[in-house]
């Protein structure tokens, strides 16, 4: 039977006092490989993490599937207004994003109350309802309602899943685990592209092959018009299964995530916050695959206790006599109480804003439309090119997992922003000059398509994964959850704006590409002159990088808690 957390704490004090076990404890806190190679030392935690990233997979899948669904003729025949109206098409995409912003904004207090594990399960149930409404929609009302309900769940999952991963992992592999979350997102996008490409052939690639197109000209050829090119009884070729199956497929991984989470461990940190220390030690021992009285398990458990106690005491000292609701509100006020803390919020929000306004999700949401405008056949070749785009997107994310902790954040962000700016400026120029007659300028069209893929590579190894990493590193410990909820909300709000206005901008020459290029340039300048490097920094060094003059007092406070719990002060460097 494991010893109680309290007896462990007392024992650690005694050992720390006579000096007999302090070296062992320090080594225990330092053991294990760092980063990508460290992922494979505890295959149990790696397995749990890979399974939990199904939440990221759902986010990526929904991002990608909507682009191909919007290009399928049988979908246009069922919902002609959405298919033809750029503004309504933007709202179809953005309804989920606006709801996701709401979900991410309110989920912080909720997951603190019910726990990370239960929060994931509840949001899976909500997502299942939203996905079912979309897949079985018979009118635009059900379609939009499904998008909104699913969006609430996806926004919450993007907040809670990375937090759950960080709290069950050891400190040395947290960065790599966050990168795995981004990899799961890109894998979801990839799967959605190819499933939708495959199902688009069910019954054929055209709604009614016997009817000639009468719609607006694209690259000198008429296009499908759902108001005039559909027989009275509906499509005679491509069936509704071509778009209902991709929308319904996301129910399967969501069910796997929801059922599987019933057997996953609780977050040890959340259990300590709830005063369930015995259960927290049991779960931590289970996660580390070591007995509860093991040196490394004991010191990690005491570090968690120290972190939770520190956060609680700092907020009580700053805002005494505050009730539960006021305590939540006070954390937001604390984040803007001084310039060093405000700078953290600004950098975190800028990172997430640039991640969206550099244009990646515009291409993900409207890839078939964009490739169609660049001269590819909108029914077949553009969908295939979209699938290849998803492969490039995923493969280009892999280097970030390896390079993130060796090269640093700034070099990758700077090179990625410069590459995106160059590619978008070239594509925008080619569209402006040759976009009205691609058939006569086939070489220019192919060059534009190539640079769309090069842009994808530049974004995928830099801003895509690092946008999730930086917010998890820059906030003080006791404000981290609140800070991440703000940056995640910024992601979804920016995503909403991009999804809403992109269809309109794509109808105006190269405007969309030039606007995204402008944001890429702004991102480049921001990193050069405003962003500090956070690679390999301890909490103390990160505070100093932001010029936080409260750091020394907070460090002394934390050291006092460490001494009281019997932890060696040197272990604080590894916390």
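Including glycine, each Cβ sits where the backbone N, Cα and C put it.
Just so you know, TrEMBL annotations never went through curation; they're auto-generated.
What TrEMBL records for this protein:
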type: COMPBIAS; residues: 1-11; note: compositional bias 'Polar residues'
type: DOMAIN; residues: 48-535; note: domain 'Major facilitator superfamily (MFS) profile'
type: REGION; residues: 1-23; note: region 'Disordered'
type: TRANSMEM; residues: 44-61; note: transmembrane segment
type: TRANSMEM; residues: 88-106; note: transmembrane segment
type: TRANSMEM; residues: 118-135; note: transmembrane segment
type: TRANSMEM; residues: 141-165; note: transmembrane segment
type: TRANSMEM; residues: 177-196; note: transmembrane segment
type: TRANSMEM; residues: 247-266; note: transmembrane segment
type: TRANSMEM; residues: 345-367; note: transmembrane segment
type: TRANSMEM; residues: 387-405; note: transmembrane segment
type: TRANSMEM; residues: 412-435; note: transmembrane segment
type: TRANSMEM; residues: 447-470; note: transmembrane segment
type: TRANSMEM; residues: 482-505; note: transmembrane segment
type: TRANSMEM; residues: 511-531; note: transmembrane segment
Cβ-based contact of the transmembrane segment (177-196) with the transmembrane segment (387-405), 3 or more pairs under 8 Å: yes
Segment-segment contact (the transmembrane segment (412-435); the transmembrane segment (345-367)) at 3 or more Cβ pairs under 8 Å: yes
Cβ contacts the transmembrane segment (447-470)/the transmembrane segment (345-367), at least three under 8 Å, sequence gap 6 or more: yes
